[in-house]
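Taken straight from TrEMBL:
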DOMAIN    5-120  domain 'Tetrahydrofolate dehydrogenase/cyclohydrolase catalytic'
DOMAIN    139-279  domain 'Tetrahydrofolate dehydrogenase/cyclohydrolase NAD(P)-binding'
BINDING   Gly165, Arg166, Ser167, Val231  NADP(+) binding site
Amino acid sequence: MGEIISGKALSKDVREQVRLDVLALQEKYGKVPHLAVVLVGEDPASQSYVRGKERACTKAGIHSTVIRKPDTISEEELLDIVETLNNDDEVHGVLVQLPLPKHIDENKVIDAIDITKDVDGFHPLNVAYMHLGRPAILPATPKGILTMLHSKNIELQGKDALIIGRSNIVGKPAAMLLMKEHCTVTIAHSRTKNLKEKCLRADIIVAAVGRANTVTADMVKEGAVVIDVGVNRVDGKLVGDCDFEAIKDKASYITPVPGGVGPMTITSLLQNTLECFERIVKP
Ligand code: NAP
C-alpha cells in the first residue's frame with residue numbers, strides 16, 4: 001500500500017514553524033505580519049475559506065483583518081479599498097477572495113494589488129517572475145503541493161509529471177513549478193485525447209479538475225505519486241478527483257481528500273504572508 005501524504009499533519013508542523021518565525025519577527029521588529037482579506041458577497045464556500053484563513057492566521061500569531069462588503073459593491077469602491085490597503089504601512093498582505101460578482105472585472109482587481117503584498121501570487125508580475133524563475137510569491141496551492149512532495153523527499157528530477165487541469169491558480173503554476181524541479185511535464189485538459197494512456201505513463205499525477213473519479217486505479221502506473229487537488233461533494237461527502245480507495249494500493253504516495261492539499265493551501269498562504277512581511281519590513 002502506498003504512503004499517504006497527510007496535508008493535515010504536515011500543515012501542523014509547518015504552521016508551528018510559522019508561529020515560531022512570527023514570534024522571532026515580533027521580537028526583532030516589534031510587530032507581527034498583518035494579512036488583510038477582502039470578502040465580497042455571501043458565497044458560502046468563500047465565507048468558509050475566509051474563516052479558515054482567519055483561524056489559521058490567529059493560531060500562527062499573524063494579525064488578520066477581514067473586510068466584508070455586500071455583492072452590490074461597485075468595482076470602483078473595491079479598487080479604492082485595495083488602494084487603501086496597498087498604502088497602509090501596517091498591512092503586509094492583501095488578498096481579495098475570488099470569485100467576485102460578475103459586474104466586477106477580476107483582472108482589474110488583481111492587477112491593482114501591490115505586488116509586494118500579493119500573498120496569493122496572482123498578480124501578473126508575480127506570475128511572470130515565477131515563469132522566469134526569479135524570486136516570486138508562489139500561488140498557495142501549487143506551493144503546498146511542492147512542500148508535500150519535498151516533505152517525503154520524493155525524487156522529482158527527470159520524472160514524467162502529468163498535470164490534469166490548466167487553470168491559472170492550480171494547473172499552469174503547478175506545471176511550471178514541477179518543470180523547475182526538472183520534471184518532464186505534460187498538461188492535460190478537457191480536450192485532451194487518451195487521458196488514460198497519458199496517466200499510465202506518468203510517474204507523478206496532479207489532478208486539478210473538479211470532477212470525482214477523473215482518475216481511476218486502471219489509469220495509474222504501479223508506484224506512481226498521486227496528488228489530488230480536486231474538491232467535490234458526492235452524496236454529501238467530500239471527495240477528490242481520484243478514486244483514493246482503489247489507487248492507494250497502487251501508488252507509492254497519495255494525498256487524501258479531505259486533509260491533503262486543502263490544508264497545505266492555507267499553510268502556504270501563511271508562509272507567503274510571512275515572506276511579504278519580511279520583504280516589506282526588513283531594511
Ligand atoms: P478550473 O478552473 O475549473 O479548472 C479545471 C480544469 O480541469 C480545466 O483546465 C479543465 O479543462 C480541466 N478539465 C475539465 N474536465 C476535464 C476532463 N474530463 N479531463 C481533463 N481535464 C478536464 O478549476 P481549478 O480552480 O483549477 O480547481 C480544480 C479543482 O481543484 C476543483 O475541484 C477545486 O475546487 C479544487 N481546488 C482545490 C484547492 C485546494 O486547496 N484543495 C485549491 C484550488 C482548487 P479546460 O481548461 O479545457 O476547461
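Quick reminder: no glycine exception, Cβ is built from N, Cα and C everywhere.
Note that TrEMBL annotation is computational and uncurated.
Structural mapping of features recorded in TrEMBL.
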residue : record               : Cβ within 10 Å
Gly165  : NADP(+) binding site : 24
Arg166  : NADP(+) binding site : 16
Ser167  : NADP(+) binding site : 15
Val231  : NADP(+) binding site : 18
**Request:** Could you break down the residues of the domain 'Tetrahydrofolate dehydrogenase/cyclohydrolase NAD(P)-binding' (139-279) into DSSP helix, strand and coil, giving a count for each?
**Result:** 55 helix, 28 strand, 58 coil
**Asked** What whole-number distance in angstrom separates the two most remote CA atoms of the NADP(+)-binding residues Gly165, Arg166, Ser167, Val231?
**Response** 16
**Fill in**
When pLDDT is averaged across the domain 'Tetrahydrofolate dehydrogenase/cyclohydrolase catalytic' (5-120), the result is 97
**Complete:** Secondary structure split (DSSP) over the domain 'Tetrahydrofolate dehydrogenase/cyclohydrolase catalytic' (5-120) reads 63 helix, 19 strand, 34 coil
